[in-house]
Amino acid sequence: MKKRNFVQEENIEKVEENIEVIEKREVEREEKRKLNFIDGEACFELNDLLKAPAESLGKGNFGNCYKAMLDDGLNVVVKRLRDLKPLSHEEFAKQMRAMAHLKHPNLLPVLAYYFSKEEKLMVTKFASNGNLYNRIHGGRGTRERIPFRWSGRLSVARGVAQALEYLHIHSPLPHGNLKSSNVLLSSVVVLVADYALASLISLPIASHRMLAFKSPEYQSHKRISKHSDVWTYGCLLLELLTGRPDGAGLGAWVHRAVREEWTAEIFDLEILAQRSASHGMLRLLQIAVRCCDKAPERRPEMSEVVREVESVKAGVELSEDEDDFSVDQSYMDDSMSATPSR
């Protein structure tokens, strides 16, 4: 009788252990079905995002982006990540948290993420004034076009340089995909997006889509590095200076113009019209050309680039009739870039 009771008790213990394991797994599955917030308590649920009115913001290299307008008035961006390499929930979560722990005034903050077999989402803050690509190129030749003035372009150049400098110090990975559509404009600051996502994308897809993979060193040696980010930053400066989209041939065209001394034809007419811009434009062009050097080892470090761009910015003296805050103030404020703590 005692032996039977002992066996029964042993079986009961095993059943209880199995129940605990099942309950733990169910809790883990439930957690995986939730939005995972990086800092602090959840301020909205996955269902809130699914029910919220959504506006498509376009399709990027890493997936489609949507603006979600929540009931409390908060606007966020949901990026549906696609073409990722095979990742477990733990690997994906680790990468999202590593990305979120990179904190700088000129980096777009990650708020939350979601992982399932079918869907991977990243939730970020919403930048109210669109992206740099549209600011440079949108509305050209129309009455609605508001000129993008020199001081504003310098503020963007400085903010992006500061963000890259911070990433190169605090992240083991290069940005890998810096371009004007990944530079966002809020009402007070310029924000660099899509940093630290390169490691999530399979190499064959990344090599076709990401800008750093178009750098000279990848074409010759099939590798990218932080020097490749410097090259993409130089391409961004050329886009700011010329007003031309960064496409095939822009860098070569600028180098030819410099070599043949018809430099004045390089610059965007919107900034050529500003008397205060002439000296600074030439200095920024020199920085851009150095950043785009074919030899990675000859390109400057981003810390040096930051100092040089800050020097150009400090040398801008606006006359009363060229006050940048009189037009399009949200893109011109000096607070669009912030000095990082080094």
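Each residue, glycine too, has its Cβ placed from N, Cα and C.
Those TrEMBL annotations? Automatic predictions, nothing curated.
If you look up TrEMBL, you'll see 5-32 marked as coiled coil. Taken from TrEMBL, the feature domain 'Protein kinase' covers 51-312. The annotation ATP binding site is assigned in TrEMBL to LYS79. Look at TrEMBL and you will find 317-342 tagged as region 'Disordered'.
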Reduced DSSP state (H/G/I helix, E/B strand, rest coil) at LYS79 (ATP binding site) is strand
Across the coiled coil (5-32), the model's average pLDDT, rounded to a whole number, is 57
